[in-house]
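The ATP binding site annotation in TrEMBL covers A:LYS607. Per TrEMBL, the feature domain 'Aminoacyl-tRNA synthetase class Ia' maps to A:20-644. Taken from TrEMBL, the feature domain 'Methionyl/Valyl/Leucyl/Isoleucyl-tRNA synthetase anticodon-binding' covers A:692-840. Annotation comment: TrEMBL describes A:50-60 as motif ''HIGH' region'. Positions annotated as motif ''KMSKS' region' by TrEMBL: A:604-608.
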Amino acid sequence: MERFAEVPDQYDPDTVEERVFDYWDEIDAYERTVEHRADGEDYFFVDGPPYTSGAAHMGTTWNKTLKDAYIRYLRMCGYDVTDRPGYDMHGLPIETKVEEQLDFENKKDIEAFGMENFIEECKSFAEEQLAGLQEDFESFGVWMDWEDPYRTVSPEYMEAAWWGFEQAHERGLVEQGMRSITQCPRCETAIAKNEVEYHQVEDPSIYVKFDLADREGSLVVWTTTPWTVPANTFVAVGGDVTYAKVRVERDGDEEVLYLASDVVEEVVQKGGYDGYTVESELSGEEMVGWGYDHPLADAVPDHPDFDGALQVYTADYVEVDRTGLVHSAPGHGEEDFQRGRELGLDIFCPVDGDGTYGDSAGRYAGSFVRDANEDIRADLDEKGLLLADETYVHDYGQCWRCDTDIVQIVTDQWFITVSDIKDELLENIDDSEWYPAEARDSRFRKFVENSPDWNVSRQRYWGIPIPIWTPEDWDGSMEEALVFGTREELAEAVDQDVDPDALDLHRPTVDDLTVTRDGTTYSRVPDVFDVWLDSSVASWGTLDYPSDGSRFDDLWPADLIMEAHDQTRGWFWSQLGMGTAALGEVPYEQVLMHGYANMPDGRGMSKSKGITVEPGEVIAQHGADPMRLFLLSRNPQGEDMRFSWEETEAMQRRLNILWNVFRFPLPYMRMDGFSPDGVSLADVRDDLETVDEWVLSRLQSVEAEMADHWAEFRQDRALDALLSFVVDDVSRFYVQAVRERMWKEEDDPSKTAAYATLYHVLREVTALLAPYAPLVAEEVYGNLTGEAGHPTVHMCDWPEADAGWRDDRLEEDVRRLREVEEAGAEARQQAERSLRWPVTRVVVVADDERTVDAVDRHRPLLRERLNAETIELVEPGEDWGEVTYSARADMSVLGPAFGGDAADVMNALNEAEVDEQSLGALERAVADATGMTVDLTDEMIEFETNTPPEVSGVEFGGGVVYVDTALTEAIEREGYAREVVRRLQEMRKALDLDIEAEVRVAIAVDDDRVATLVRDREGYIAEEVRVAGFVDDDELDTPHRERFEDVEGVALELAIEPVAAPPASD
RNA sequence: GGGCCAAUAGCUCAGUCAGGUAUGAGCGCUCGGCUGAUAACCGGGAGGUCACCGGUUCAAAUCCGGUUUGGCCCA
């Protein structure tokens, strides 16, 4: 890129993006930046892999933008950062999408289509989605190793999962066991509890009588799942709950019911009884051991009737609600299962994985459980056991992928028994730093404390096959099972001849492999891993460990991961669990936990509901850099963000200001052939003026502040500091202050010093901006440095504050001076005297010594900024002799206080003029005027300051600024000359003249006195406007003339003509 | 149903941990100014029941309890 080349007037994100993307390609900017840091200290960042089932939404975009910013920042700090992106490509969500595409209903369709074909379809679906995501990420400038992402479907990655699982197994943390699980009957697999979504459904609500075996009467239970009654094994009571023996009566028939005392009335009513009597009360404890008859004994001959079944037990899940007696089926409900286990009861589950009853369900065998509800109710009714039959609307779980109502059943599943290492998990938590810290200590810790064993098996196809081979007639002991951790181990062991390097670990390839030992044949268990296990091994999967052992020892564990807060129970947890199970350590050292991307109105985004803001649209509207700036300006620690179009647009405007600041000096530097390489800051140190020193000091302060914020993972605060420096300090103050120096034609050390200063500031700013807005930073940097800099701004070192340029006193001085200046500008405005016109004097009445020092040290600067001939300073405690104070009386207070004298006092007060702002002075003035001695209070009056005519004053934080706008001939001379200059400049501009082009000018002023004043300043006008000659109006035959009727009271006419022929307009 | 987090100007947010006048910030709006950075820039102004209810305190946006709304997680 050519140095100081001409740039467009306006920052246009689109063209900048286009150019920079091409440029990056052309010079291999990413590769060279990575190479540039190859010898740096290792920094192991691990990318949480997005799931490949859709385009990048705003949340993913925020996440990747944060990652990109931190990776760029760390690189600039010198680190050799691991930046391998990852993609999570297995799992049920993809299977169901493919099933939809292929119009499949259930597993049978898949089997008919062929498992291998189906898996191929899943693979190509995931590949397509990966390509789309990757394109999205690149579209907003994310630099990661796109050529070589880790993919959970690659043999190396799958092997990483196998290896981790094998390690866990070797620690004795793998077991098969029965568990009550949430099963999707359509997908025919267990799904994780966090994959269950809850919606309201209407279910049966039945009250059933369980006839007692050894005594009169029946237990009344309530359930919304009649289909679980066949599996009823016991009835649970609360040990401390009071139950009642109730004799009820209907149509002359009597019966005895047992239920909680508190609900007798309610249940009797539901049962439609005519009346009841409570015969006795007893505690739940007293009922323990009572036997009862299974209500569906005839229909389900295989029903539980083993030792200990069909009895009353206590359980802590009992609530006095409905009947206070809980139908318990350890073959279904999770709590029932746990209690059943505790009680040593056998587990009876007559329901298969597809939600239909098996043979053990007797009469109901073959029917779908929810369809069987009707029959069961009818059968219970027929036996007279249905006390009440209603419906009930409640939240019930559905499969997140296909919306099918889940069923709770007990099946054999594979587990990593993390509950065995809970203490270790909790200890390991402390080895990681979280930002924000509270997230770790509240939510995460609580979750880990309550985490159950991890069910890692799924009865599906598209996943990493579980690497367990079991012998025929396996007894369930893990010692008998074979677990393989690598392809090589497997290839060596199996009966078939396989090449480990060519082995695809997916089903069905591995399903056919068998192992024979001592005459026993081992075959693989058919399940695949829960997809959460895939990403849980990312910290070594990223390194292709164990198949490639070259980097693991140096890098592992991860230095940093960053994801949204939903990953607390997701990836943050799964990595802790897997890392601890396999390696005994938490696999990450720092966690940056950010929030969710919400809609501008605060609602969550939802693609299915069409409530989204699409990143692509934002980029099209405002550009990638402005979008990134917006995302990076949000607190990244735990808090959700609301997307804001307005704020994104504001970021675009701020970049435009930066763009203007950057292009402002270019024409001058070009014209003067300024060469930054030959002129360092140190070279011009002696020529620096106060504003230069100030802006350089501010730069150091900003750099120091930004460093602190970045270290605390608050890039948003660092960005604030940077942008307010650019907008407030550089654009609004520094550039304004140096404009005149840059306009100077001749060579001038002060001008060179300003060039060197601004150049330095801009170059550092581009580096500071690079992690945030990598595209525009590149463009600006390239233009500033040309061939002399790095090929890309992203190879720069992160600018560090240089104490040698820092001057806190000066910064504080200027801060105060800017307050004085603002007040002065306001005072001018009140006096209607524009800044173009000098004023004779500005008087600063200071309240404190610090302000005095600031003003005193920088009188010339303040004179220049306020266009004042002199600055007068009145120190604290001194009065400026030229103001007096008067009072405005408040009659509503004076009246009650002074009665009949009030009017006189008021007049005296209003007319008083005193030298100091005190009640005492006013009291004396009143005494002088009226002869009365009065006690005044603050409430009675309001002080007013009286300034001399033509002086106006405005208060500021450190005092009052007075501006004396009285005119003198010298001021008029200067003022009118500047009016003329300004108008001529405007006319030059309208002609589109080159900055250096010379003109001839005619000036006609309708007032002789003013005409003479202007003529006195022709030299100045000539210099400012590049006038080659002043001529009489009639000598100038030009269409470029303009008449101004009222310029500070006079009319004037200006004509202008370029000396050479005007340049062809382009 | 339970846990965690949030609610401050029209908008986006500081301030809340360590209670002490909201000179709150930027953007937007509005009035004025400037004019070789000019679709930029500068100044003035309007704009707040600090979500609601209650408590502690001389004093609460800030601490405590509850409610509402939103987000996430869990059931």
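Including glycine, each Cβ sits where the backbone N, Cα and C put it.
Curation plays no part in TrEMBL annotations; they are all automatic predictions.
Per-residue confidence over the motif ''KMSKS' region' (A:604-608) averages 80 (mean pLDDT, predicted model). Assigned with DSSP, the residues of the motif ''KMSKS' region' (A:604-608) fall into helix, strand and coil as follows: 0 helix, 2 strand, 3 coil.
DSSP labels the residues of the domain 'Methionyl/Valyl/Leucyl/Isoleucyl-tRNA synthetase anticodon-binding' (A:692-840) in these numbers: 115 helix, 2 strand, 32 coil.
Sorting each residue of the motif ''HIGH' region' (A:50-60) by its DSSP state yields 3 helix, 1 strand, 7 coil.
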